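According to Swiss-Prot, the protein carries these features:
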type     : residues                       : note
ACT_SITE : H117                           : active site, pros-phosphohistidine intermediate
BINDING  : K11, F59, R87, T93, R104, N114 : ATP binding site
Amino acid sequence: MAKELTLSIIKPDAVAKSVIGEIYTRFEKAGLDIVAAKMTQLSREQAESFYDIHRARPFFKDLVDFMISGPVMIQVLKGENAVAKNREIMGATNPKEAAPGTIRADFADSIDANAVHGSDSLENAAREIAFFFEPHELCNR
């Protein structure tokens, strides 16, 4: 089976808690290689553009405000079934519903401050990766 790529963002709440290393360990233990990574402070324009699919939703402004509230860690993960595997280790969007041992169950505070973002499909993964990374920035691992 071919290896997939997926995008992951460690959100401002998890960066502020200094749990980046713990989250990276979970990726690697699940067989997901980190092939690109950067820490950045998103601008309002970047956050609005990235989450444009949610623009008409009532939570859009709060989501954008949260995503620009502090630095984020953005990474590309590579592995067998990377999209599904990453979503499994992230846990449910609402940390109260997330399975024990998932990233959100262990590190998220609320449905808004929920520690991580992960692509939900291969198509969205390709779009999201291209939003943050040039092809030459992805390492072959």
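For all residues, glycine too, the Cβ spot is worked out from N, Cα and C.
Features as recorded by Swiss-Prot, highlighted on the structure.
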{"residue": "K11", "record": "ATP binding site", "DSSP class": "coil"}
{"residue": "F59", "record": "ATP binding site", "DSSP class": "coil"}
{"residue": "R87", "record": "ATP binding site", "DSSP class": "helix"}
{"residue": "T93", "record": "ATP binding site", "DSSP class": "coil"}
{"residue": "R104", "record": "ATP binding site", "DSSP class": "helix"}
{"residue": "N114", "record": "ATP binding site", "DSSP class": "coil"}
| message | I need the least crowded one of these binding-site residues (T93, N114), counting other C-beta atoms within 10 angstroms of each C-beta. | response | T93
| field | Residues satisfying Cβ distance under 8 Å from K11 (ATP binding site), sequence separation of at least 6 | value | F66, M67, V72, A113, N114, A115, V116, H117
| said: Taking 10 A as the limit, how many CB atoms besides its own sit near the CB of R104 (ATP binding site)? | reply: 23
| Longest CA-CA distance among K11, F59, R87, T93, R104, N114, per record bound to ATP, angstrom | 21
| If you count Cβ atoms within 10 Å of the Cβ of F59 (ATP binding site), leaving out that atom itself, what do you get? | 12
